[in-house]
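Engineer: Provided herewith is a single structure, encoded as structure tokens, for subsequent inquiry.
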Amino acid sequence: MADVSDTPPSKEGTPVLPPKETPDLPPKETPDLPQDAGKSDEKAEGGSEAASDPSMYRYIKNDLFTSEIFKVEIRNLPKFIGFNDLKKFLSKHGLNPHKIKLFGKQTFAFVTFKNEEERDKAMKMVHGVQWKGQVLSVRLAKPKADPILRKRRQDEGEGAGGQPPSKRAEGKEEEEEEALSVQIANVVTPLWNVPYEEQLKRKEQQVVGVLQTLAKEIGSTNKAMLPWLFAQKGKYNRMCCPLEAIRPSPTLTEYRNKCEFLISMGANGEDKTIGFRLGKYKGGSCAVVGPADTSHVSAEAKRVVSQFQKFIRTTAYSMYSPETYEGHWKQLTVRTTRTKQAMAVAFFNPQKLEEEEITALKSSMRDYFTDGEGKDSGVTSLYFVREGQRTSPNLEDLPCELVSGESSIHEELLGLKFRISPHSFFQVNTGAAEVLYSAVGEWAQLDQDSTVLDVCCGTGTIGISLAKRVKKVIGIEMCQEAVEDAKVNAKLNGLSNVEFHCGKAEDVFPNILNALVSPNITAIVDPPRAGLHSKVVLAIRRAEHLKRLVYVACNAKAAMNNFIDLCRAPSNRVHGAPFRPVRAMAVDLFPQTMHVEMLLLLERVDYTSQQQPATAPRKKRHLSRRKQALSLTLCTLYQYSEQPGNIHFNSLCEADSS
Ligand SMILES: C[S@@+](CC[C@H](N)C(=O)[O-])C[C@H]1O[C@@H](n2cnc3c(N)ncnc32)[C@H](O)[C@@H]1O
């Protein structure tokens with residue numbers, strides 16, 4: 001589904017994401033157990049009914065990118081391997097898979113690649129290779145069936161006659177349907193009828209759960225922290241650190257500055273409707289409902305949608321159908337600012353149209369929004385994207401053609417100015433982002449000697465908002481356009497102590513960190529939903545001069561592995577003293593939905609010596625073997641400094657041996 005806004009969208013900084021469920025981009029595969037777990041691929045994923053119906057594979061015959069074409073099945077895998085094990089194994093053989101799908105405890109996996117060359121290389125490199133005593137075999141695998149067609153077929157089989165565009169109240173076939181405005185509110189703003197205080201409580205509770213889990217995880221991955229952890233859990237309701245009161249969003253409605261709408265058949269039967277999808281593509285529904293009654297979309301964005309809908313209805317071009325892959329109009333992304341600017345990005349599949357026809361369409365679009373009926377829509381920046389031209393998985397490869405107006409929009413935040421280009425990430429709730437960034441600034445404990453590393457910096461918002469308080473800001477970001485924005489933003493705000501580097505954090509961050517000699521470094525990381533690449537976490541762990549880390553997580557559960565790795569005991573893989581969580585807080589950027597941002601401050605454990613206390617070995621002789629083992633573990637790992645909340649390590653050993 002496109003950004004229906006029940007997600008903290010585009011955390012990846014890819015505002016032009018096309019709908020996830022369209023067959024040209026099959027749903028992201030995770031190591032989770034899929035429904036069809038256990039079935040081998042004799043007939044292709046999706047079951048036998050799919051295999052007998054060639055229409056279910058129509059999507060791979062288009063010119064679009066889909067890694068489903070470059071898919072293999074690896075068999076005879078060792079038992080109990082996980083997603084990461086397989087990923088590492090493939091990477092060790094120089095392979096870079098696009099997707100990996102494992103099936104619980106089964107010994108086979110489906111792996112897709114970005115092109116034929118990589119797929120063939122995988123077949124050559126992996127076939128016959130021995131891994132943990134198992135000789136692997138690799139063979140070509142058929143693609144997955146189009147989920148919507150599969151669902152339709154299933155429904156037909158069940159006699160349901162296909163899924164109706166809108167949902168009926170469960171078990172009450174005869175009763176009237178719920179109003180579409182209620183149905184769509186339930187999808188995009190599922191908490192719309194829950195009082196805000198209650199929403200905040202639920203979100204806070206989510207974060208409590210995360211911190212309690214983290215406490216358990218730290219306990220099992222860093223035994224030396226047990227005494228400290230024991231005290232923390234006792235004080236803070238089984239959490240690893242105190243949780244401060246959740247900070248609410250300053251605005252509860254119309255707070256979104258960016259929405260991604262789909263263009264499809266309206267659930268009310270109206271053709272070429274721009275709105276949010278009512279159900280999931282794989283649930284068998286493509287119908288959309290306009291945003292007019294949706295509480296989190298701004299009036300400005302609604303105006304743009306309404307004008308754009310009028311415009312596309314005047315054109316001869318139909319809406320794009322993800323079922324038949326025919327048609328043209330696909331998606332509209334709208335961004336608005338407090339400065340009353342608006343960017344509209346229209347996604348259009350050119351199919352086999354001639355270049356002249358596209359040029360004529362773009363010019364009629366320009367006329368409509370500059371001199372025609374759309375003149376008062378507020379659009380200051382109008383873009384056109386040829387969606388069907390995507391031949392690579394990189395969304396940034398989709399060129400945005402400026403049709404009229406400015407190439408970017410400008411937002412004001414914390415009294416500063418920010419340029420935003422179409423591909424650049426910007427927090428979707430500007431008011432709440434101010435609350436978030438202010439908290440980051442408070443927690444980072446900065447002074448004029450500080451160097452701030454702003455990792456995954458987008459347009460530079462966090463670093464730029466802190467720059468006047470510190471000696472230097474270094475931002476790292478992989479989206480080229482966002483980095484260009486960030487550089488311009490530094491100038492716009494008269495700053496000369498900031499620099500921005502373009503690249504994946506996992507590639508550039510370790511070198512930047514190693515080159516820094518300043519003893520006063522604070523890192524602020526604000527990664528996409530999946531969290532930081534483990535290389536970044538390992539680099540942070542190694543850089544012992546980096547003492548403080550503020551982690552901004554839009555999906556705290558997904559960031560859990562990062563938190564654990566930051567806190568786990570040193571090992572062959574993880575070098576450098578661990579961090580420990582010091583304080584946490586939730587900030588609500590997404591009212592009416594269950595999503596929330598979490599802020600976690602972590603500080604490096606300060607231990608001065610790893611030597612065993614001189615008295616310990618002698619005393620150990622009198623201990624039981626179990627106690628000896630525990631005592632040794634504790635003694636040889638760290639000696640905590642005597643800070644509030646720490647138990648001094650010597651006294652722990654003595655207590656244990658008495
Ligand atoms: C959640 S946004 C945060 C942006 C910024 N801190 C802000 O508040 O506006 C995450 C950013 O990380 C960038 N990103 C995603 N993966 C990355 C990677 N591997 N290395 C560097 N940046 C990455 C995205 O382009 C996006 O701009």
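Glycine too: its Cβ is placed from the backbone N, Cα and C atoms.
TrEMBL lists these features:
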type: REGION; residues: 1-52; note: region 'Disordered'
type: COMPBIAS; residues: 21-31; note: compositional bias 'Basic and acidic residues'
type: DOMAIN; residues: 70-143; note: domain 'RRM'
type: COMPBIAS; residues: 147-156; note: compositional bias 'Basic and acidic residues'
type: REGION; residues: 147-176; note: region 'Disordered'
type: BINDING; residues: Gln427, Glu477, Asp526; note: S-adenosyl-L-methionine binding site
type: ACT_SITE; residues: Cys554; note: active site, nucleophile
type: ACT_SITE; residues: Cys554; note: active site
Engineer: Counting Cβ atoms within 10 Å across all protein chains shown, which of the binding-site residues Glu477, Asp526 comes out on top?
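Structural biologist: Per the Cβ count, the most surrounded site is Glu477.
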Engineer: Counting other Cβ atoms within 10 Å of each residue's Cβ, which of the recorded positions Gln427, Cys554 comes out lowest?
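Structural biologist: Sparsest of the recorded positions Gln427, Cys554 by Cβ contacts within 10 Å: Cys554.
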Engineer: What average pLDDT does the predicted model assign to the domain 'RRM' (70-143)?
Structural biologist: 88
Engineer: Please report the Cα separation of Gln427 (S-adenosyl-L-methionine binding site) and the residue listed as 'active site, nucleophile' in Å, rounded to an integer.
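Structural biologist: Just about 11 Å between their Cα atoms.
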Engineer: Roughly how many angstrom lie between the C-alpha atoms of Cys554 (active site, nucleophile) and Glu477 (S-adenosyl-L-methionine binding site)?
Structural biologist: 17
Engineer: Taking the residues the record says bind S-adenosyl-L-methionine (Gln427, Glu477, Asp526), how far apart in Å are the two Cα atoms that sit farthest from each other?
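Structural biologist: For the residues that bind S-adenosyl-L-methionine, the greatest Cα distance is 15 Å.
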Engineer: Could you tell me how many residues in the domain 'RRM' (70-143) are helical, how many are strand and how many are coil under DSSP?
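Structural biologist: Final tally across the stretch: 22 helix, 21 strand, 31 coil.
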